[in-house]
Structure formats: structure tokens, C-alpha cells
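To start, the structure itself, in C-alpha cells.
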């Protein structure tokens, strides 16, 4: 029996925009495999040191790509990460950049314990659309889409849209 082809989806955006909530729920509804890059790095100790200024480990990007490559070739993976230009373009069939109102984002990040420069830089990243621009440079424009992620209604709408997109992709490619 031939394996059904399944799409790879990248969920990206500033920390705190709702990538993890959306990704886990999407995986549950579609049967795709959810991969949080932060968790993958922690499990495999895929780090290149520690950033004192931001108080966080530095990701070993090559290690992450090596770790995921085989799984990505098989397909059916939802990748969740706040950066996107480290991943090979060939990996993804579609890229969603989640966007959140900066006042709301500030509150979400503060509740996670973000302070000072780390908090300010992440909110500025959202204001200046840094991740969206990064995605537009790293991937073909046709596959990059922005999604609002402010309310529970936005989450539900995004889920419905992504489930529909996934089902259509599978029909078109199998």
C-alpha cells in the first residue's frame, strides 16, 4: 500500500503569538505530527552556548536541521518556531506567520516572565513585522500567509482554515 503524501506546515511568529496552541490543536485535528523546535532542542541538547543578555540557550541551527531532515522528507509535519530562515525552503508547502496586537503581546510575554530588553525586543519584532519579512525573504511569496492571533475566535478561525487547507492539499496531492 502506497503511503499517502501529507504536507509540511511552518507556524512562525514572535514568541507569545499563539504558535504552540494552534500547532498542537491542528495536529490533533489533522493527524499531522507537531514539532516544537524549542522542545526538540531541549530533548536533543541542540545548543551552541548560552545568551547571557536574553537569558536563554543559543540554538544549534545545523543540529536542528540535521535532526529533522528525514522526518520533513516523509512529510506530515507541523513545525513551530519563532524564527524561520534557518529551515530549508524545500521543507514547507505553506508558511503561516501569526500576528498579535502589540499591547496584547506585551501582556502575554510579561506573564511568561519576559523583562527588560528581551520583552522590548520581542514586542518591537512584532511591531516591525520582522518575522513576516524574514519569511517573505526565506520562502516563495505564494506560500507565506499572515494570520491574526488576538482572540479565541481568531484561533478557531485559523484552525478551521488550516484544517481545510490541509484536507484540500491531501486531496490535490494523492
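Quick reminder: no glycine exception, Cβ is built from N, Cα and C everywhere.
Just so you know, TrEMBL annotations never went through curation; they're auto-generated.
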TrEMBL annotation of region 'NMPbind' - which of the ranges 36-59, 60-83 it falls on: 36-59
Stated TrEMBL location of region 'LID', expressed as one of 100-110, 111-121, 122-132: 111-121
Residue 16 (ATP binding site) CB neighbourhood, other CB atoms within 10 A: 25
